[in-house]
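The structure follows.
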Amino acid sequence: MANHVASKGIFVSLWAREEEVVQSINSKHENSTFLAGVPLSEKIVATGSVAEAVSEAELLFLIIPTPFIAKWLEQNQPMLPWQVPLVCFSKGIEQQSLRTPYEILVDELPGKYHAKLAVVSGPSFAKEIGVGLPTSVTCAAQDIEVAKQIQLALATRNFRVYTAADVIGAELCGALKNVLAIACGASDGFGFGANARAALITRGLAEMTRLVVKKGGKASTITGLAGVGDLVLTCSSSLSRNYSVGQAMAARSLPEDKRKDQKQSNNFNRDLAVAEGVKTSLAVHLLAEKLGVEMPICEAVYEVIHKGIDIKTALRKLQDRPLRAEHDEYQGTWVWSAL
């Protein structure tokens, strides 16, 4: 995102926790650690100082892994300007509190910040944005004028930004798609085929809809970029860490002579540590249980990762559920059935 904004001729100050990242960006104009091979604009200056990074900022991007947002805000909130939009790109659900990133921001920041908060979500692999490939995302904010301000700041011919008001829906979609991508990666890893992947994506959309609506979001968000757009992308590409984790989980459950990609299996522990869907699967399990929402695919991922259930058994169990109607008719409208 820093490279994208810099491509518009805007000066970008980028805070990074790792000193080697700061040095790499400033000396080589490349983030060799996390985005190797993507040349970065000379308009990007990295720093290890939050105060220096936010000084005179007209727009703040918060792109920190969800489990660390609350602690980071506790340490750095006094340095953050409140008169400018604060845009959160993080995706996930905090395990302890079951809060989304936006909910964390509202809880942890003083009220004077709230009017300028927004989130961005949608099908957007970092590497593709970094090299300028066409991308479309959604910016959601409680104040639509704030969303429009961010839209104008970010939009280019190759980076389209749509506005929305459903913050909770956009955030939950961004979190749930990572869990569902693990299931799709596993299905593909076993060679179950395109039909099975399409079914997992479609029924995954049903699970997303139920949870989003239960939390007060809009069902229409599911049909947009933050919903079906991001889900299809994440569930069908090896550029997705979560999809790759699912593939590796399948590979590790097969005998060595049956594994198509031994390297992928060997990278499993590394991918498991960084894939957002791994931690999110536990949070989704707890949130769905708390709200009384049926989410069988997400529950299967949770059981495999956190309960040690055999992955092939879990996928087959989904196929053995009782048959029923796809949609439940209710007062002239329809909702996705629970199974």
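Including glycine, each Cβ sits where the backbone N, Cα and C put it.
In case it's useful when we look at the structure, here is the feature table from TrEMBL:
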ACT_SITE  Lys177  active site, proton acceptor
BINDING   Phe68, Ala126, Arg241  NAD(+) binding site
BINDING   Lys91, Arg241, Asn242  substrate binding site
DOMAIN    1-146  domain 'Glycerol-3-phosphate dehydrogenase NAD-dependent N-terminal'
DOMAIN    166-315  domain 'Glycerol-3-phosphate dehydrogenase NAD-dependent C-terminal'
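Could you give the neighbours, burial and distances for every feature on this list?
In sequence order, Gly204, Met208, Asp230, Leu231, Thr234, Cys235 are the residues near Lys177 (active site, proton acceptor), counting only same-chain partners six or more apart with C-beta under 8 A.
Around Ala126 (NAD(+) binding site), taking its Cβ as the centre, 16 other Cβ atoms fall within 10 Å, counting all chains.
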Taking the recorded substrate site as Lys91, Arg241, Asn242, identify the other residues of that chain whose CB atom sits within 8 Å of the mean position of the site's CB atoms, giving them in sequence order.
Lys177, Asn178, Ala181, Thr234, Ser240, Ala275, Glu276, Gly277
Using a 10 Å radius around each Cβ and all protein chains in view, which of these binding-site residues has the most neighbours: Lys91, Arg241?
Lys91
Return the residues near Asn242 (substrate binding site), defined as same-chain residues 6+ apart in sequence whose C-beta is under 8 angstroms from its C-beta, sorted by sequence, else 'none'.
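Residues satisfying the criterion: Asn178, Val179, Ala181, Ile182, Gly185, Thr234, Ala275, Glu276, Gly277, Val278.
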Give me the mean pLDDT over the domain 'Glycerol-3-phosphate dehydrogenase NAD-dependent C-terminal' (166-315), rounded to a whole number.
90
If one measures from the C-alpha of Phe68 (NAD(+) binding site) to the C-alpha of Lys91 (substrate binding site), what distance in angstrom results, rounded to a whole number?
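Their Cα atoms are separated by 12 Å.
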